[in-house]
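What TrEMBL lists as coiled coil is 453-499. Positions annotated as compositional bias 'Basic and acidic residues' by TrEMBL: 377-391. Summarising the annotation, TrEMBL assigns compositional bias 'Acidic residues' to 392-414. Look at TrEMBL and you will find 242-263, 377-425, 544-570 tagged as region 'Disordered'.
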Amino acid sequence: MSTTSSVNTACKITNNAGKPVVVLDAYDSSTNVANNSPKKGYQQSLKILSLAEGGQVLSDGGTGTVTLNDTRTDSGGKTQPNYLYQLLISEPGSLFPVMNVGEALDFDSMGYPPVTVTAAAAKNMSLAFTFCQHLMAYPTTDLAKNFQQALTDAQKEKTVDDMMKKIADYFNSTKGFKGLDFPSYLAVSTYLKAFAWKWGLDDDNKPGRTYWLYGAPGADSVSSSDSKAAVNYGSITLSRPASASETADPSDPNSGYTITYSPESGDDKQMTFSAMQLLDDASVDTPSICLQLTFARRSQFTQDTQDTALWPVLVGTLNGVKVIGVSQKPEDAFVKWLKNLVPKSFNDLVNSFLKIMGIWMAYDFLKTKFAGKKDKLQDDKTNENKGKDPSDDQQSEADQSADDIGSEALDDERSDASRLDSDEIDVPDLDNLDEVVDNVNNYVVETLREITADNYNAMIEEYEFQLKELAQIEVNPSLEEAMGKLVEAKGNLEEAIDSGDFSSVKDSLGEVKTSVTDAIGDMDISAELQEQLKESQQAIDDFQETADEMDDAANDIENGEDPIEPEVIE
């Protein structure tokens, strides 16, 4: 009797995840390993497996059976039965990962071991999502650099178990990601590139999000006297009809969303999600609109220091203009983060995001290279060797396969980056990665300090307004003291821009505030002016909070620290 005829292709799935699930069969890598596919996880071809009991959705607490009977292309190019599967257990409506299962035939029983989907695995996917957010937002921190080193070191191991242990050891060495594993990270990181779902959720985790786009003023959009750093270029909305299917289509990267760009004037344009980008035309090398999705600290835009969540943002090009897209209406943006930015600071902020993207794209190709070796070793053991460990020759072939996959993955990442049409984004190879990380880290720190300086400049301008108004009533000793300290603050700011230490500026402005308060106490001031001074001081206090936050973030990043403590998002 042949191996094929004796195989029991039924696989029993028990769902204890605490939520309904579907079973996705990811079949590019498992069936075409010999072709060195760089598509991993959710970026592979996906199909929802039907349950023998009927339907596709397995309820919480339920048990169902799927059939595993794919074919594969072997190293000789022949079609053979496949005995190794990647089953991506997913949420039905979104396909967000619940558990990443490597399912191999048991050659003793000639059947597939039963799978139990656990709540712990589902929770680990939330942890993996948080890790991906931090890796994208802060790829130059020690957390990110140590992850890159762990991937590089694990790549040198000879067995899959040893490779996985290296990565597990890394996660267990961190403060916020203990217990995380590579399969969970692979699942979530590829999901974010394959589907728009997470990027279209609002702040209440419900489908539907709008990003307003801000970019430098065009020559025809402002007068010569307009000094705005940015103007609004319309919005992009991800909306999902109420009639959308309860079970997502794995062939739909838009996740059921209608993605619409609405310019300030003119007709709406439909967009497509592809490889974590929103495009107006996915068929051309350089689309007119290409916006990369990533994460950034929300408080950077709201200027509320309590907004510590990492927010989805868009960065890229819109008809030749570099833009940032955030879920903040113009009436809020222009009195918050855009209020004090000078044109150079805005441009440097956009460039910072683009440079950061190049680094985590590099990490992504290293992940793919690592997964390529793992897949090849597992394929050899299961499909080629019928359960026996890979030989020395097969281990050497796995290393070569990983190099080939890594090279193709790097080309893919660079191709995606080129659609942004910007010289600021550079996806380095491994040999140049450390140098690029250092350079980008320095650039980001300098940009954050530029924004810090912009806010201190705004504070000085507000105090100048206050002193000018008060001087029209009376010049008393306290007012003279305030003016002297304000001059001192301006001098200290020039030095701080060079040194990166803003403490003397903050101290001088603190003394200005005290002297102004004393001066006001000795004057007879109209109710109207009192209200103006109150509003001015509130603005100064807000600027100070933002300056402190940007300065702290610059110092953290300069020292390799993550500015935000990881928090699991359920």
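Every residue, even glycine, has its Cβ placed from backbone N, Cα and C.
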Contact set, same chain, for the compositional bias 'Basic and acidic residues' (377-391): CB under 8 Å, 6 or more residues outside the stretch: 3, 30, 33, 72, 74-75, 80, 82-84, 102, 104-107, 159-160, 397-398
Sort the residues of the region 'Disordered' (377-425) into helix, strand and coil with DSSP and give the three counts. 35 helix, 0 strand, 14 coil
Its residues classified by DSSP, the region 'Disordered' (544-570) shows 15 helix, 0 strand, 12 coil
Please average pLDDT over the coiled coil (453-499) for the predicted structure. 92
Helix, strand and coil residues within the region 'Disordered' (242-263) as assigned by DSSP: 0 helix, 5 strand, 17 coil
